[in-house]
There are 2 protein chains.
Amino acid sequence: MLGYSIAIRRLQCLVRFLVGQNKNRLHSTMTTVPGIEADALNVLRSITPTLDLTRHKGQAGKIAVIGGCREYTGAPYFSAISALKIGADLSHVFCTKDAAPVIKSYSPELIVHPILEESYSVRDEDKRSISAKVLAEVNKWMERFDCLVVGPGLGRDPFLLDCVSDIMKHARHSNVPMVIDGDGLFLVTNCLDLVSGYPLAVLTPNVYEYRRLVEKVLNCEVDSQDGTEQLLSLAKRVGGVTILRKGKSDLISDGESVKSVSIYGSPRRCGGQGDVLSGSVAVFLYWARQRVAELEPRSNPTMLGGIAGSILVRKAALLAFENKRRSTLTGDIIECLGMSLEDICPVNRHR
Amino acid sequence: MLGYSIAIRRLQCLVRFLVGQNKNRLHSTMTTVPGIEADALNVLRSITPTLDLTRHKGQAGKIAVIGGCREYTGAPYFSAISALKIGADLSHVFCTKDAAPVIKSYSPELIVHPILEESYSVRDEDKRSISAKVLAEVNKWMERFDCLVVGPGLGRDPFLLDCVSDIMKHARHSNVPMVIDGDGLFLVTNCLDLVSGYPLAVLTPNVYEYRRLVEKVLNCEVDSQDGTEQLLSLAKRVGGVTILRKGKSDLISDGESVKSVSIYGSPRRCGGQGDVLSGSVAVFLYWARQRVAELEPRSNPTMLGGIAGSILVRKAALLAFENKRRSTLTGDIIECLGMSLEDICPVNRHR
């Protein structure tokens, strides 16, 4: 009898330990938006590729981040390393010469191209030739990339932004998808033609960037009452690009439908989380494009990529916050991407 | 009493379920190739030197990586640090001036020589003298090295590749073994004389590099039916160099025999794993040369080095993948080299 109760106590102890290892202790904050909440966990599972030993380097994704200047080096690193941590095979960064050694030094896992130039280092008479050289350098690689992320740590130097406009036009011409964030959104808001009508573009504005976009495109203020209708109009007006509006709930629309992702998330707002999202959406967008023909009902891969990126980063942010609380930094969230993905979509699952 | 045993059974059931969720479900994938599977674990054990307190710095191996340019700094780092993590005593990198500070910043364990030059930084009239200077700098060290790794992150700058050709000729003249990967294979495929007939050369092509090699040397397409025969022909035609063809199973041939290594391995294909292999093969090749006179039957040390490098990196990749899953990066694999080696061949073993 005593033996039984000791055995039970031991087993109970083991169960508590194992349950503690498995579960997410801060529960998802289920303030879902009624009717439009995406089935984000299943979206993520449906597009994430299975892994097997016959695959070759590059098949899980080759991502390039266009960003990184004299001032900003963390943002492009966060975006590019997030892509790898989710499962991309190769992650490139195209940045200025000043930024490159620093970004390289953050991690040997990235391939960093020191090719962009800012006005301060270029004479007026050289601008044309340097601009052509920058474009030629990026174009050598363009066809190999499965998705670009344009904007993390790009800065606002006019010459640099002109070069990036050229890169975006070429990417569009080559049908390479683009996720646009940060200073890339500044560029796009001032020159909507860069993305207008391009169905493979995803914009990921925060509250300020969204306000500027609404003011520019819809010529009105942000509607705090019916945000979904306004987002739908905005995405439609920009010709069906996908817009992921970041917030307490993330709202995603391609002008045809609106979906929200409300579960998980953390109250910490340290800089850099948007970069983790842009790198994540880039990978999921590519994966969604790979699988979209098999999916029922047929869906827009940019919507699926946005939804999957949103839920994964929200889960990783929650996990990091549970552990680090107020001291949570973006690097902590990146370290939680892998276990969050494995938790939602284990490697050994059966579809 | 019955209540207790039911409770125990339920708890046992729950424990099994939870353990099942937690445990590493990816076992080694034993899809061995019949007849030619190498006894890789015993090969590794037979060539790995015992350690004792009488040994001096350098006796366990002095490796040099030729690679690292403006674009690529991670690859030479991965190769050079892997050599140290397996047990080499000294690991050098010869790279361009731009790449050196970054590679140095990854680790103070490496000795990094900023001596290579790319075309963009050299005037035509200076090329001859600079080329001579580069060669003289490397030659000062050449006799001390037990193996070179040529190619990780080398890039394809024509002037730089010319200098590296000179280095390879000198290494061959000095009977220094060479492991050739990445852009080194691009160089060698275009100039087979650099390695043709040199029995101390090991080429480590991936699927794409192998295809180019087959097309160039055998003037045909890759035979997907009988890969072993074609590999044997290829190695023979290049004059008995050893070729380690990376893939689901690694295949290794010196033109005399073919061996495969199929156990372990991971489905993750993040960039950089080839660099870990090249650094590992370099160390094992040197160790095999040290011990080959004692081994029965007498074997080709380049074959033994290839087999041992293959099995160790496959085991480390599996260990890393079991822990990190989709977020496994090359740095994680490198961190598993030591425990993988200790697991296969403990320091305190008796031969």
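Cβ atoms here come from the backbone N, Cα and C positions, even for glycine.
Unlike curated entries, TrEMBL annotations are predicted automatically.
Checking the candidates A:G153, A:G331, A:G338 against TrEMBL: the one annotated together with A:N206, A:V207, A:Y208, A:E209, A:Y210, A:R211, A:R212, A:D275 at the (6S)-NADPHX site is A:G153.
For A:E209 ((6S)-NADPHX binding site), applying a Cβ distance below 8 Å and a minimum sequence separation of six or more within one chain yields A:G182, A:L185, A:F186, A:T189. Among the binding-site residues A:R211, A:K246, A:R268, the residue whose Cβ has the fewest other Cβ atoms within 10 Å is A:R211. Among the residues the record lists as binding (6S)-NADPHX, namely A:G153, A:N206, A:V207, A:Y208, A:E209, A:Y210, A:R211, A:R212, A:D275, the two farthest apart have Cα atoms separated by 20 Å.
DSSP assigns A:G274 (ATP binding site) to a helical segment in the three-state reduction.
Among the binding-site residues listed here, namely A:G153, A:V207, A:D275, A:V207 has its C-alpha nearest to that of A:K246 (ATP binding site).
Mean predicted confidence for the domain 'YjeF C-terminal' (A:40-344): the pLDDT average there is 96. Highest Cβ count within 10 Å among the binding-site residues A:D250, A:D275: A:D275. In this structure, of the binding-site residues A:V207, A:C270, the smallest number of CB atoms within 10 A of the CB marks A:V207.
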